[in-house]
Amino acid sequence: MTSLRQRKGSKGKEPSQGAEFQSHQFNCCTDHHPEKILHGDWSWGAIIWTSIGWSVAVGLGLLCCIYVATLHENDLWFSNIKEVEREISFRTECGLYYSYYKQMLQAPSIQEGLSELIHDNLTESKRTINLLQRMNIYQEVFLSVLYRLLPIQSYLEPVYFYIYTVFSLQAVYVIALYLTAWLLSGSWLAGMLTGVWYILNRVDTTRVEFTISLRENWSMPFLALQVTAITCYLRPQLTALQQVMVWLMYVTTFCFCLTWQFNQFILLLQSLIIYTMDCADFLTTTQVTTLYLVQVSGLLSVWLLQFCNSMILGSLVLSFIVAALFIRHCQSGLKTGNLLVRLSKVLLHSAMVLLLTFTINYLAKKALQLRSDEHIFKFIKSKFALGSTRDFDASLYLCEEAFGPLPLDTLERLAGTLLLYPYILTLLLLCGFLAMAALQNLSRPKGAGDGRALAFRPDVAYNLLHTLFYGLLAFSTMRMKYIWTGHMCAIAAYGVCGTELWTLLLNTLRCNSKVLLRIVRYGVPLVMFGWLYYKFWPKLMEELSELREFYDPDTVELMTWISTKTPKQAVFAGSMQLLAGIKLCTGRVLTNHPHYEDKDLRERTRQVYQVYARRSPEEVHDILRSAGADYVVLENSICYERRHRRGCRLRDLLDLANGHIMDGPGDNNPDLIPSAHQRFCEAIKTDTAAYSALFTRTFQNKTFYVYRLKKKRKKSAKSPSEPNVTQ
């Protein structure tokens, strides 16, 4: 085992609390580690204790899986509703992704199914796109192939095979968090506490039970596994397993990137963590290079599988890694000099890396003519008041609560399960010692021994920076809290079951001893388990006993009508969310859909949404015809929306983008003008001659109105290209 070296001249002196803390980081956390047997300790005690730890991990994972599956069943009565109702329950983009799983299963063969996805002309009318290149749907392809090959068709329906797979990944997620906490603390009680906290804070740790097909529900378990592999790789006791860990890091990074289109932004934060640790001298050159190359190889592997998707090559994370490695190679004297010199060099080094990153990224996007991720950077600029707030794409994100800052009631819920308090204490303590260790590393001249690597455990440093960086991301954008809260459980459990907090406390009280430390480390978690059981077990049982049923008769009626009364090749226009359901339930062709990572699609969506703006019937007809639409579906919930405040309703965003004054009382910018036309979605219901000459109402209920587009008697003199909207 590696231990801290005693500094010269310190013989006979009593170690400070900081030094004793750092020593405990290496020597007091190895009693029950999951890798203990791999070091040759085959004693019965080690085997039994490790086996119990692994059994508890698997048990908690299965418990979480069964828990979310039961909630899903109880909320929808999924086993008893009709097939169309099951499909409608896959809301918004979830329905779009699931439709490709259904499409692959309905194909005559696997080869034909793949060919249909590669040459798809149903998802976007008048266009043929490669879905495997555009979207992250390899998981749907893999599951459909697996379902065809396994002898389970007679007793397991395709939809259950799909949802059970996603719920099973939750078990993997919990096990990965459990192992991370176990590795950090040296006690599987920390892993157990992590799993219990994850389940009790389900509202803030996952939303898988009602958004099954979301890409994050596929990718997050692999990210958690990758963090576990990195933690294991950075443990100084596991040099013999490092090669295995490198391959495990690559596989998990690859799976994470393959299953979520936002992988590049998550990996960018991770690369910044690696960069920070490198600058503070917590990692060796080999470790830094390895971690960077694992990210690059994972991204490039996905780039190949996605038919050379240019969005990956033009990603900021690739540009950053190339810049960081290049500047690091060129600046050989970066880690020499005293503290002030080192700090100056780090600042200069960082400025050069950032400058080179943006230069490489700019040139790459110019060369690739890449504009697919423009909307994300527009959103970031608008969110932090760095750009126009009238941009339609950015406003769509900014006006959704999920993309706003983290609400304070989230912290109240986390405090209610005793998660927040040990997390904050652990965070403050570790941040203080991390800063001290970083200054110590930067103050030590080059060649002053290898005490550098021992001042602060690199696996603890990585996980600390991980929770800090992703915590900041969660506070800025609520939707990203699910990346943070799961790992937060592991850090808090490490604080409760590790030695650091208790060593500092007992030293302060001048009553530290190995026996007392063990009593506190194992006694406090057991007391917490008892309190959590007393407070939350009745609530969990009550939650599991609540039975609801899916009920959406208007949407069921719409989907049934489309399936039975319209041609199979009919093209439908409407909101992105509804059209995803139409594709899944009816298989009809769409004009637009919720997968927003394409500039042409974003422009078409903005054009199709003019049905909710103040536009003339002729203009709307031309727009819809240019997109190839045969039918348009109007939703009262959008036309008369009240969910969002004024300025954030879809009709308001369209009015602003078109330069028109918004509806209702309130201020308007002086450059906005009144529109000469009525709002289309309202005016068309009057059936006046101007509208009935171009549109025929074919279906209506309390929620939806469907109109069929008529052909104009005289050909329009306008260009067949999609008309532009006044900015």
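The backbone N, Cα and C atoms fix where each Cβ goes, and this holds for glycine too.
Residues 272-294 are the range that TrEMBL records as transmembrane segment, among 134-156, 272-294. Proximity of the transmembrane segment (244-260) to the transmembrane segment (300-326) is established through 3 or more Cβ-Cβ distances under 8 Å for residue pairs spaced 6 or more apart. Below 8 A, the CB atoms of the transmembrane segment (272-294) and the transmembrane segment (300-326) form 3+ pairs separated by six or more positions in the chain.
Sequence-distant neighbours of the transmembrane segment (346-364) (same chain, 6+ residues past either end, Cβ-Cβ under 8 Å): 275, 279, 313-316, 318-320, 322-324, 326-328, 331, 334, 370, 442. Across 46-69, 300-326, 420-439, stretch 420-439 shows the highest tally of CB pairs under 8 A with the transmembrane segment (484-507). Away from its own ends, the transmembrane segment (182-200) comes close to residues 28-35, 49, 52-53, 56-57, 60-61, 63-64, 67, 173-174, 206, 228, 231-232, 235, 417, 419, 459-460, 463, 486, 489-494, 496-499, 521-522, 525-526, 528-529, 532, 536, 540 of its chain (Cβ-Cβ under 8 Å, at least six residues beyond either end).
Sequence-remote contacts of a segment are chain residues at least 6 beyond its ends whose Cβ falls under 8 Å from one of its Cβ atoms, and for the transmembrane segment (519-537) they are 187, 189-190, 192-193, 196, 200, 417-418, 493, 496-499, 502, 506.
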